[in-house]
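Here's the structure we're looking at; comments come further down.
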Amino acid sequence: MAPTQPPLELEPTQADAGKAFVLESKGTWLHAGYHLTAATAGPPLLALPFAMSHLGWGPGIFTLLLAAAVTFYECFLLSITTEELNSQGLQCFRFWDVASHVMGPTWAHYFVAPLQYVLCYVVVIALILLGGGTLEAVFSAALSNGGHVRLYYYTAIFGAFALVLSQLPSFHSLRFFNLLSMLLCLGFSICTVGGSIIAGLSDEAPPKDYSVHGSPLHVMFGTFNAISITLTAYANPLIVEIQATLLPPPTSKMLKGLLVCYSVSLLTFLSVSISGYWAFGSSAKGLVFDNMKSLVPKWLFILSNAFACLQLIGATAVYMQPLFAKYEGLVINVNMGWFSPRNLFLRLILVLLWVRLDLCHYASFCLIGSVAAVRQIVLDVNMYKIFPST
(Lines of atoms letter the chains of each structure in order from A and count residues from 1; the text may use other names and numbers.)
(Lines give C-alpha, C1' and ligand atoms only; values in the text may rest on other atoms or scores of the structure.)
Protein backbone atom coordinates (compact mmCIF):
# COMPACT_ATOMS: atom_id res chain seq x y z
CA MET A 1 0.00 0.00 0.00
CA ALA A 2 1.33 3.43 -0.92
CA PRO A 3 2.07 5.76 1.99
CA THR A 4 -0.61 8.28 2.79
CA GLN A 5 1.90 10.86 3.98
CA PRO A 6 4.51 12.53 1.76
CA PRO A 7 8.10 11.48 2.51
CA LEU A 8 10.34 13.66 4.60
CA GLU A 9 12.06 16.08 2.26
CA LEU A 10 15.83 15.74 2.33
CA GLU A 11 18.33 17.12 -0.12
CA PRO A 12 19.82 14.21 -2.10
CA THR A 13 23.40 15.14 -1.17
CA GLN A 14 22.48 15.15 2.52
CA ALA A 15 20.81 11.74 2.39
CA ASP A 16 23.48 10.23 0.14
CA ALA A 17 26.36 11.49 2.28
CA GLY A 18 24.96 9.97 5.45
CA LYS A 19 24.25 6.72 3.65
CA ALA A 20 27.47 6.47 1.65
CA PHE A 21 29.96 7.49 4.33
CA VAL A 22 28.49 6.57 7.73
CA LEU A 23 25.98 3.84 6.87
CA GLU A 24 27.70 2.33 3.84
CA SER A 25 26.04 -0.95 2.78
CA LYS A 26 28.81 -3.55 2.92
CA GLY A 27 27.88 -5.74 5.89
CA THR A 28 26.85 -9.39 6.25
CA TRP A 29 24.50 -11.01 8.73
CA LEU A 30 27.44 -11.69 11.06
CA HIS A 31 28.31 -8.00 11.05
CA ALA A 32 24.67 -7.23 11.89
CA GLY A 33 24.93 -9.65 14.80
CA TYR A 34 28.06 -7.90 16.08
CA HIS A 35 26.47 -4.44 15.84
CA LEU A 36 23.18 -5.51 17.43
CA THR A 37 24.90 -7.36 20.28
CA ALA A 38 27.20 -4.42 21.03
CA ALA A 39 24.15 -2.14 21.21
CA THR A 40 22.09 -4.54 23.37
CA ALA A 41 24.21 -6.73 25.64
CA GLY A 42 26.54 -4.75 27.89
CA PRO A 43 27.41 -3.90 31.50
CA PRO A 44 23.87 -2.58 32.25
CA LEU A 45 22.92 -6.26 32.50
CA LEU A 46 24.80 -6.25 35.83
CA ALA A 47 21.70 -4.58 37.31
CA LEU A 48 19.48 -7.57 36.47
CA PRO A 49 20.07 -9.41 39.79
CA PHE A 50 18.83 -6.25 41.52
CA ALA A 51 15.74 -6.33 39.30
CA MET A 52 15.24 -10.00 40.19
CA SER A 53 15.33 -9.11 43.89
CA HIS A 54 12.13 -7.06 43.40
CA LEU A 55 10.36 -9.81 41.46
CA GLY A 56 11.45 -13.16 42.85
CA TRP A 57 12.44 -16.30 40.98
CA GLY A 58 9.38 -17.05 38.86
CA PRO A 59 8.27 -13.55 37.90
CA GLY A 60 11.87 -12.43 37.38
CA ILE A 61 12.75 -15.16 34.86
CA PHE A 62 9.35 -14.83 33.19
CA THR A 63 9.87 -11.07 32.77
CA LEU A 64 13.30 -11.62 31.18
CA LEU A 65 11.91 -14.13 28.68
CA LEU A 66 8.80 -12.09 27.91
CA ALA A 67 10.86 -8.93 27.34
CA ALA A 68 13.13 -10.88 24.98
CA ALA A 69 10.17 -12.19 22.96
CA VAL A 70 8.45 -8.80 22.72
CA THR A 71 11.57 -6.81 21.78
CA PHE A 72 12.72 -9.46 19.28
CA TYR A 73 9.36 -9.30 17.49
CA GLU A 74 9.42 -5.51 17.62
CA CYS A 75 12.90 -5.35 16.07
CA PHE A 76 12.04 -7.82 13.31
CA LEU A 77 8.78 -6.01 12.55
CA LEU A 78 10.68 -2.74 12.21
CA SER A 79 13.20 -4.47 9.94
CA ILE A 80 10.62 -5.82 7.50
CA THR A 81 8.75 -2.50 7.57
CA THR A 82 11.95 -0.70 6.56
CA GLU A 83 12.59 -3.18 3.75
CA GLU A 84 9.01 -2.84 2.46
CA LEU A 85 9.35 0.95 2.33
CA ASN A 86 12.67 0.64 0.52
CA SER A 87 11.09 -1.72 -2.03
CA GLN A 88 8.57 1.04 -2.80
CA GLY A 89 11.41 3.38 -3.67
CA LEU A 90 11.29 5.29 -0.37
CA GLN A 91 14.76 5.85 1.03
CA CYS A 92 14.87 4.69 4.66
CA PHE A 93 18.26 4.39 6.29
CA ARG A 94 17.53 6.16 9.59
CA PHE A 95 14.78 5.60 12.11
CA TRP A 96 13.17 8.94 11.48
CA ASP A 97 13.06 8.24 7.73
CA VAL A 98 10.79 5.29 8.50
CA ALA A 99 8.73 7.43 10.86
CA SER A 100 8.28 10.07 8.17
CA HIS A 101 6.57 7.55 5.88
CA VAL A 102 4.56 5.82 8.60
CA MET A 103 3.56 8.75 10.82
CA GLY A 104 4.12 11.71 8.56
CA PRO A 105 6.96 14.25 8.24
CA THR A 106 5.68 16.51 11.02
CA TRP A 107 5.76 13.76 13.63
CA ALA A 108 9.11 12.53 12.33
CA HIS A 109 10.74 15.94 12.33
CA TYR A 110 9.41 17.34 15.60
CA PHE A 111 8.93 14.22 17.74
CA VAL A 112 10.58 11.01 16.52
CA ALA A 113 13.97 12.41 15.44
CA PRO A 114 14.49 14.55 18.57
CA LEU A 115 13.41 11.61 20.73
CA GLN A 116 15.91 9.24 19.12
CA TYR A 117 18.76 11.75 19.23
CA VAL A 118 18.05 12.63 22.86
CA LEU A 119 17.88 8.92 23.69
CA CYS A 120 21.25 8.26 22.01
CA TYR A 121 22.65 11.35 23.72
CA VAL A 122 21.50 10.16 27.15
CA VAL A 123 22.71 6.60 26.52
CA VAL A 124 26.17 7.87 25.55
CA ILE A 125 26.35 9.97 28.73
CA ALA A 126 25.24 6.98 30.83
CA LEU A 127 27.80 4.70 29.17
CA ILE A 128 30.58 7.22 29.74
CA LEU A 129 29.61 7.57 33.40
CA LEU A 130 29.47 3.81 33.84
CA GLY A 131 32.77 3.40 31.96
CA GLY A 132 34.45 5.89 34.26
CA GLY A 133 33.13 3.95 37.24
CA THR A 134 34.48 0.63 35.96
CA LEU A 135 37.85 2.22 35.18
CA GLU A 136 37.99 3.63 38.71
CA ALA A 137 37.14 0.19 40.12
CA VAL A 138 40.03 -1.37 38.19
CA PHE A 139 42.65 1.12 39.41
CA SER A 140 41.27 1.32 42.94
CA ALA A 141 41.52 -2.44 43.31
CA ALA A 142 44.87 -2.78 41.53
CA LEU A 143 46.73 0.18 43.08
CA SER A 144 46.90 1.18 46.72
CA ASN A 145 46.59 4.87 45.78
CA GLY A 146 44.09 4.36 42.96
CA GLY A 147 41.24 5.62 45.08
CA HIS A 148 42.88 9.04 45.54
CA VAL A 149 42.05 10.02 41.94
CA ARG A 150 38.64 11.63 41.54
CA LEU A 151 35.98 9.81 39.55
CA TYR A 152 35.64 12.54 36.94
CA TYR A 153 39.29 12.07 35.94
CA TYR A 154 38.59 8.42 35.16
CA THR A 155 35.49 9.49 33.26
CA ALA A 156 37.56 11.95 31.21
CA ILE A 157 40.09 9.21 30.40
CA PHE A 158 37.31 6.85 29.33
CA GLY A 159 35.71 9.57 27.22
CA ALA A 160 39.03 10.22 25.50
CA PHE A 161 39.31 6.56 24.42
CA ALA A 162 35.71 6.60 23.19
CA LEU A 163 36.47 9.79 21.28
CA VAL A 164 39.41 8.17 19.49
CA LEU A 165 37.30 5.15 18.50
CA SER A 166 34.55 7.45 17.25
CA GLN A 167 36.91 8.72 14.52
CA LEU A 168 36.46 5.51 12.54
CA PRO A 169 34.83 6.56 9.28
CA SER A 170 31.67 4.45 9.21
CA PHE A 171 29.41 2.12 11.16
CA HIS A 172 30.72 -0.77 9.05
CA SER A 173 34.28 -0.04 10.14
CA LEU A 174 33.25 -0.85 13.73
CA ARG A 175 32.45 -4.47 12.88
CA PHE A 176 35.60 -6.01 14.33
CA PHE A 177 35.46 -3.78 17.40
CA ASN A 178 31.89 -4.92 17.90
CA LEU A 179 32.97 -8.54 17.55
CA LEU A 180 35.49 -7.82 20.30
CA SER A 181 32.71 -6.09 22.23
CA MET A 182 30.57 -9.23 22.02
CA LEU A 183 33.46 -11.39 23.25
CA LEU A 184 34.12 -8.94 26.09
CA CYS A 185 30.46 -9.14 27.07
CA LEU A 186 30.74 -12.91 27.26
CA GLY A 187 33.99 -12.48 29.21
CA PHE A 188 32.68 -10.24 31.98
CA SER A 189 29.47 -12.29 32.15
CA ILE A 190 31.52 -15.44 32.76
CA CYS A 191 33.55 -13.57 35.38
CA THR A 192 30.34 -12.33 37.01
CA VAL A 193 28.81 -15.80 37.11
CA GLY A 194 32.05 -17.24 38.54
CA GLY A 195 32.30 -14.42 41.07
CA SER A 196 28.68 -14.91 42.13
CA ILE A 197 29.25 -18.61 42.67
CA ILE A 198 32.42 -17.95 44.69
CA ALA A 199 30.66 -15.25 46.72
CA GLY A 200 27.57 -17.38 47.26
CA LEU A 201 29.64 -20.28 48.61
CA SER A 202 31.83 -18.05 50.78
CA ASP A 203 31.56 -18.26 54.56
CA GLU A 204 31.26 -14.45 54.63
CA ALA A 205 28.34 -14.40 52.21
CA PRO A 206 25.16 -12.74 53.49
CA PRO A 207 22.21 -15.01 54.37
CA LYS A 208 20.25 -15.94 51.26
CA ASP A 209 16.75 -14.48 51.39
CA TYR A 210 14.67 -14.70 48.23
CA SER A 211 11.47 -13.13 49.52
CA VAL A 212 10.28 -9.71 48.36
CA HIS A 213 10.14 -7.39 51.37
CA GLY A 214 8.29 -4.17 52.05
CA SER A 215 4.83 -2.71 52.15
CA PRO A 216 2.44 -3.25 49.21
CA LEU A 217 3.32 0.22 47.92
CA HIS A 218 7.04 -0.51 48.17
CA VAL A 219 6.55 -3.84 46.36
CA MET A 220 4.53 -2.16 43.60
CA PHE A 221 7.16 0.51 42.92
CA GLY A 222 9.91 -2.11 43.15
CA THR A 223 8.10 -4.20 40.55
CA PHE A 224 7.78 -1.26 38.17
CA ASN A 225 11.47 -0.46 38.71
CA ALA A 226 12.48 -4.05 37.98
CA ILE A 227 10.39 -4.19 34.80
CA SER A 228 11.89 -0.90 33.58
CA ILE A 229 15.43 -2.21 34.23
CA THR A 230 14.67 -5.40 32.31
CA LEU A 231 13.15 -3.60 29.33
CA THR A 232 16.01 -1.08 29.28
CA ALA A 233 18.51 -3.95 29.13
CA TYR A 234 16.95 -5.05 25.83
CA ALA A 235 16.53 -1.54 24.43
CA ASN A 236 18.07 -0.98 21.01
CA PRO A 237 16.96 2.05 18.95
CA LEU A 238 19.42 1.39 16.09
CA ILE A 239 17.65 -1.28 14.02
CA VAL A 240 17.17 0.88 10.91
CA GLU A 241 20.70 2.32 11.03
CA ILE A 242 22.24 -1.15 11.41
CA GLN A 243 20.08 -2.54 8.59
CA ALA A 244 21.31 0.28 6.35
CA THR A 245 24.89 -1.03 6.72
CA LEU A 246 24.01 -4.44 5.17
CA LEU A 247 24.32 -5.61 1.60
CA PRO A 248 20.89 -5.85 -0.06
CA PRO A 249 18.56 -7.59 0.48
CA PRO A 250 18.98 -6.98 4.21
CA THR A 251 15.87 -8.56 5.80
CA SER A 252 17.14 -12.16 5.99
CA LYS A 253 20.51 -10.87 7.19
CA MET A 254 18.83 -8.83 9.93
CA LEU A 255 16.86 -11.86 11.09
CA LYS A 256 20.07 -13.90 11.40
CA GLY A 257 21.77 -10.96 13.10
CA LEU A 258 18.90 -10.66 15.58
CA LEU A 259 19.17 -14.38 16.33
CA VAL A 260 22.88 -13.94 17.08
CA CYS A 261 22.16 -10.89 19.23
CA TYR A 262 19.37 -12.48 21.26
CA SER A 263 21.25 -15.75 21.69
CA VAL A 264 24.14 -13.89 23.30
CA SER A 265 21.80 -11.56 25.20
CA LEU A 266 19.65 -14.33 26.66
CA LEU A 267 22.73 -16.38 27.57
CA THR A 268 24.35 -13.49 29.42
CA PHE A 269 21.16 -11.99 30.88
CA LEU A 270 19.85 -15.26 32.30
CA SER A 271 23.21 -16.50 33.60
CA VAL A 272 24.07 -13.22 35.36
CA SER A 273 20.53 -12.76 36.72
CA ILE A 274 20.18 -16.29 38.10
CA SER A 275 23.70 -16.56 39.54
CA GLY A 276 23.64 -13.05 41.03
CA TYR A 277 20.21 -13.48 42.58
CA TRP A 278 21.14 -16.93 43.88
CA ALA A 279 24.27 -15.55 45.53
CA PHE A 280 22.83 -12.38 47.08
CA GLY A 281 19.05 -12.73 47.07
CA SER A 282 17.09 -9.69 48.19
CA SER A 283 20.33 -7.92 49.20
CA ALA A 284 21.50 -7.65 45.55
CA LYS A 285 22.72 -4.13 44.82
CA GLY A 286 22.27 -1.96 41.75
CA LEU A 287 25.45 -3.44 40.23
CA VAL A 288 26.28 -6.98 41.25
CA PHE A 289 29.99 -6.06 41.25
CA ASP A 290 29.33 -4.04 44.41
CA ASN A 291 28.11 -7.18 46.19
CA MET A 292 31.01 -9.40 45.27
CA LYS A 293 33.89 -6.92 45.67
CA SER A 294 34.98 -8.12 49.12
CA LEU A 295 34.07 -11.80 48.53
CA VAL A 296 36.01 -12.72 45.37
CA PRO A 297 39.72 -12.74 44.50
CA LYS A 298 41.07 -9.34 43.58
CA TRP A 299 42.20 -10.50 40.14
CA LEU A 300 38.69 -11.67 39.28
CA PHE A 301 37.16 -8.35 40.33
CA ILE A 302 39.76 -6.41 38.31
CA LEU A 303 39.31 -8.63 35.25
CA SER A 304 35.52 -8.30 35.36
CA ASN A 305 35.64 -4.51 35.51
CA ALA A 306 38.35 -4.32 32.84
CA PHE A 307 36.23 -6.38 30.42
CA ALA A 308 33.20 -4.22 31.20
CA CYS A 309 35.18 -1.00 30.70
CA LEU A 310 36.53 -2.07 27.30
CA GLN A 311 33.09 -3.25 26.17
CA LEU A 312 31.58 0.10 27.09
CA ILE A 313 34.01 1.95 24.81
CA GLY A 314 32.69 0.03 21.80
CA ALA A 315 29.06 0.47 22.86
CA THR A 316 29.61 4.23 23.20
CA ALA A 317 30.92 4.43 19.62
CA VAL A 318 27.90 2.45 18.38
CA TYR A 319 25.36 4.85 19.88
CA MET A 320 27.14 7.82 18.32
CA GLN A 321 26.47 6.55 14.79
CA PRO A 322 22.90 7.90 14.35
CA LEU A 323 24.22 11.37 15.23
CA PHE A 324 27.04 11.00 12.73
CA ALA A 325 24.65 9.84 9.99
CA LYS A 326 22.69 13.05 10.47
CA TYR A 327 25.43 15.61 10.95
CA GLU A 328 27.88 14.30 8.37
CA GLY A 329 25.04 14.37 5.87
CA LEU A 330 24.70 18.08 6.52
CA VAL A 331 28.32 19.04 5.87
CA ILE A 332 29.88 16.41 3.57
CA ASN A 333 29.69 16.41 -0.22
CA VAL A 334 29.21 12.80 -1.30
CA ASN A 335 30.45 13.52 -4.83
CA MET A 336 33.95 14.49 -3.68
CA GLY A 337 35.04 11.31 -1.93
CA TRP A 338 35.77 10.45 1.69
CA PHE A 339 39.33 11.82 1.85
CA SER A 340 38.92 14.82 -0.43
CA PRO A 341 40.45 18.00 1.08
CA ARG A 342 37.06 19.68 1.36
CA ASN A 343 35.34 16.77 3.11
CA LEU A 344 38.32 16.00 5.30
CA PHE A 345 38.62 19.60 6.41
CA LEU A 346 34.91 19.97 7.16
CA ARG A 347 34.82 16.67 8.99
CA LEU A 348 37.79 17.54 11.15
CA ILE A 349 36.57 21.07 11.89
CA LEU A 350 32.79 20.75 12.07
CA VAL A 351 32.26 17.11 13.01
CA LEU A 352 35.25 16.74 15.28
CA LEU A 353 34.67 19.96 17.17
CA TRP A 354 30.89 20.08 17.00
CA VAL A 355 29.84 16.45 17.14
CA ARG A 356 32.72 14.10 17.77
CA LEU A 357 34.22 16.03 20.61
CA ASP A 358 30.59 15.53 21.56
CA LEU A 359 28.33 17.39 23.89
CA CYS A 360 27.92 14.04 25.60
CA HIS A 361 31.55 14.13 26.74
CA TYR A 362 31.36 17.73 27.87
CA ALA A 363 28.06 17.13 29.63
CA SER A 364 29.36 14.08 31.45
CA PHE A 365 32.54 15.87 32.55
CA CYS A 366 30.62 18.94 33.70
CA LEU A 367 27.96 16.87 35.40
CA ILE A 368 30.38 14.75 37.39
CA GLY A 369 32.65 17.69 38.12
CA SER A 370 29.72 19.76 39.37
CA VAL A 371 28.37 16.96 41.53
CA ALA A 372 31.83 16.28 42.95
CA ALA A 373 32.39 19.97 43.64
CA VAL A 374 29.04 20.37 45.40
CA ARG A 375 29.68 17.23 47.41
CA GLN A 376 33.09 18.50 48.46
CA ILE A 377 31.62 21.87 49.49
CA VAL A 378 29.00 20.11 51.61
CA LEU A 379 31.67 17.98 53.25
CA ASP A 380 33.80 21.03 53.94
CA VAL A 381 30.87 22.89 55.49
CA ASN A 382 29.96 19.92 57.65
CA MET A 383 33.56 19.50 58.69
CA TYR A 384 33.71 23.17 59.64
CA LYS A 385 30.58 22.86 61.75
CA ILE A 386 31.82 19.79 63.55
CA PHE A 387 35.39 21.01 64.01
CA PRO A 388 35.29 24.83 64.08
CA SER A 389 38.60 26.60 63.83
CA THR A 390 39.98 28.05 67.06
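Every residue, even glycine, has its Cβ placed from backbone N, Cα and C.
Residues or ranges marked as domain 'Amino acid transporter transmembrane' in TrEMBL: 26-352.
Tertiary proximity for the transmembrane segment (57-80) is limited to same-chain residues at least six positions away from its ends with a CB under 8 Å from its CB atoms, namely 48, 51, 98, 210, 226-227, 230-231, 233-236, 239-240, 243, 250-251, 254-255, 258, 262, 265-266, 269-270, 273-274, 277. The feature transmembrane segment is assigned by TrEMBL to 57-80 (among others).
For 110-131 (among others), the entry in TrEMBL reads transmembrane segment.
What TrEMBL lists as transmembrane segment is 151-169 (among others).
Positions annotated as transmembrane segment by TrEMBL: 176-199 (among others). If you look at the transmembrane segment (176-199), the same-chain residues 6 or more away from its ends with a CB under 8 A from one of its CBs are 31, 33-35, 37-38, 41-43, 45-46, 49, 165, 168, 205, 264, 267-268, 271-272, 275-276, 278-280, 288-289, 291-292, 295-297, 300-301, 303-305, 307-308, 310-311, 314-315, 317-318.
What TrEMBL records for 219-239 (among others) is transmembrane segment.
For 259-279 (among others), the entry in TrEMBL reads transmembrane segment. For the transmembrane segment (259-279), same-chain residues at least 6 beyond its ends with a Cβ under 8 Å from one of its own Cβ atoms are 29-30, 32-34, 36-37, 40-41, 45-46, 48-49, 51-53, 57, 60-61, 64-65, 68, 72, 182, 185-186, 189, 192-193, 196-197, 199-200, 205, 208, 210, 233-234, 288, 291-292.
For 299-320 (among others), the entry in TrEMBL reads transmembrane segment. Beyond its flanks by at least six residues, the transmembrane segment (299-320) meets 35, 38-39, 42-43, 46, 120, 123-124, 127-128, 130-131, 134-135, 137-138, 141-142, 158, 161-162, 165-166, 168, 171, 174, 177-178, 180-181, 184-185, 187-188, 191-192, 194-195, 198, 238, 289, 292-293, 356, 358, 360 of its own chain at Cβ-Cβ distances under 8 Å.
Per TrEMBL, transmembrane segment is recorded for 361-378 (among others).
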